[in-house]
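Accompanying notes for the structure given below.
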Amino acid sequence: MKFAVIVFPGSNCDIDLYEALKTVCHAEVEYVSHKETSLDGFDAVMVPGGFSYGDYLRCGAIARFANIMPALIEFAKAGKPVFGTCNGFQILTEAGLLPGALKQNDSLKFVCKTVALEVNNQTMFTSEYNDNEVIKLPIAHADGSYYADEETLAKLEANNQIAFRYHGENPNGSLHDIAGIVNEQGNVLGMMPHPERAVEALLGNEDGLRLFKSILKHGHQTEEVVNG
Ligand SMILES: NC(=O)CC[C@H](N)C(=O)O
């Protein structure tokens, strides 16, 4: 299973994602510049956090028009796994691959701390967690308050598309305590917390590791079906 980590000008979690996959999970992974136009040969795409294009206009609003985006949209529409964390989540909503939007935090401040999250394990990205398990992951964002209209929120709830919810404390004012969602097909996940920053004991937290293990498990299952 081969992973792509897309790199935009201003990405700053691309190396964390790459190392989580390469060093910790021993997976095959390559950086792909925003200038590229193809994702051929990759089985999963990671959209990293950071400050793409300096967060000008709106977080993710410029990245959405990068050269690589038509290929990413095609990749997602083909049902292949796409994962966006933090600025990656913002880019995926701007690109219309996920519903809703990320607004400025209620506090109007950049929030950087570890938060508790409740996991829904019914997605390809979370299958290695226990259902409703409470884990801890770091957050670091200024624009993480998830917003969608009532109809969209009702749909997300009814389809079980809410993958992560803030537990106990809601750090940014997200509606329905949403920290991460999947698309209707279940192959695109966007989340504000950073699992790639919590993948080994040396980092003080391993709660993010099972997200990458879940994607790898799904990839291996898909390969078995394809190859027999
Ligand atoms: N860590 C991040 O990806 C930050 C995302 C975005 N720049 C924000 O502040 O909301």
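Each Cβ is built from the backbone N, Cα and C atoms, and glycine gets one as well.
Look at C86 (active site, nucleophile): DSSP puts it in coil. Just so you know, the Cβ of C86 (active site, nucleophile) picks up 30 other Cβ atoms within 10 Å once every protein chain is counted. TrEMBL lists C86 with the feature active site, nucleophile.
Under the heading active site, TrEMBL lists H194 (among others). H194 (active site) is surrounded by 24 other CB atoms, counting those within 10 A of its CB over all protein chains shown. Annotation note: H194 (active site) sits in a coil segment as assigned by DSSP.
Per TrEMBL, the feature active site maps to E196 (among others). All protein chains shown were included, and the count of other CB atoms within 10 Å of the CB of E196 (active site) stands at 30.
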